[in-house]
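Taking it in order: structure first as structure tokens, then the write-up.
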Amino acid sequence: MASASCLSLLLLLALASAASAQLSSTFYDTSCPNALSTIKSAVNAAVAQEARMGASLLRLHFHDCFVQGCDASVLLADTATFTGEQGAGPNAGSLRGFSVIDNIKTQVEAVCPQTVSCADILAVAARDSVVALGGPSWTVLLGRRDSTTASLSLANSDLPAPTSSLDQLKAAFNNKNLNPTDMVALSGAHTIGQAQCQNFRDHITESNINPTFAASLRTNCPASGGDTNLAPLDVTTPNTFDNAYYNNLMSQKGLLHSDQELFNNGSADNTVMNFASNAAAFSSAFTTAMVKMGNISPLTGTQGQIRLSCSKVNS
């Protein structure tokens, strides 16, 4: 009996360590001590040049993690013999920041050849982007490896659409073991960045949008044409990472249908009100959710590879 319970305890411990996937905040401390500072200075330079890039880099990490885990599959470019994720509906014509990641990878390779994964670069760049725009910091767990595959079909099915209902959003996040509070907190990434007219044109005509706000959007997003015209996701402080997004939602100034779904007489209303009135509560929930998202199905140990170039698998 004792040996049986001992065995089950060992099994539980083994499962627990597999679940944490051996990611560690100190992963590069010995093998590449300058990795984090190299990434940070490159991100700071890119965001100083264009504030929107901070949102773009954060989005890259999100779109990576939601499709077969945080494995840099999103960075693999299409070739004659390989179909990646960049042509998927949620990614095509809107994902950006690839050249910044390539530049960071080149700098990191110069100090530590074939040591730091592209997946880890994405995770660290996301954190550094938030900090560069005035948001909270968090400890990024490291040790992810890069995939040799990508999935166009999963990118089309697993990434939440701007037309999503609250139930669809909850299901998409739940599929990644992220709870409703995580979902509302991660949606707060829309305190920075911009969206294309084609993704909010329909919402302009819906009943749950501030009429003055809708009219202001229509000037740059007509009923037809101007599909790629941009509007800030946070009309109040578009280049500052803060909790204004939630106050906007309470004023019916969510840019996307999926944004306003978070405050529309539904189950997320109370969380939105909490984050709107308590910036510290939002920061805490956001950083917790970012760590959870960064831990979605990473490749570790001898799985995958450390790509030499983030856009292609090692030959």
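Note: Cβ is positioned from N, Cα and C throughout, glycine not excepted.
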Considering the candidates C32, C65, C197, which is the cysteine that TrEMBL reports in a disulfide bond with C112?
C32
Going by the disulfide annotation in TrEMBL, which one of C118, C197, C221 is bonded to C310?
C118
Across the domain 'Plant heme peroxidase family profile' (22-314), what is the average pLDDT of the model, as a whole number?
98
Out of H63, V67, G69, point to the one nearest T191 (Ca(2+) 2 binding site) in space (Cα versus Cα); all of them are recorded positions in the record.
H63
Spatially, which candidate from the recorded positions H63, D64, S73, E85, D242 is nearest to P160 (substrate binding site), comparing Cα atoms?
H63
Sequence-distant neighbours of R59 (site 'Transition state stabilizer') in its chain (C-beta under 8 A, six or more apart):
L95, G97, A189, G193
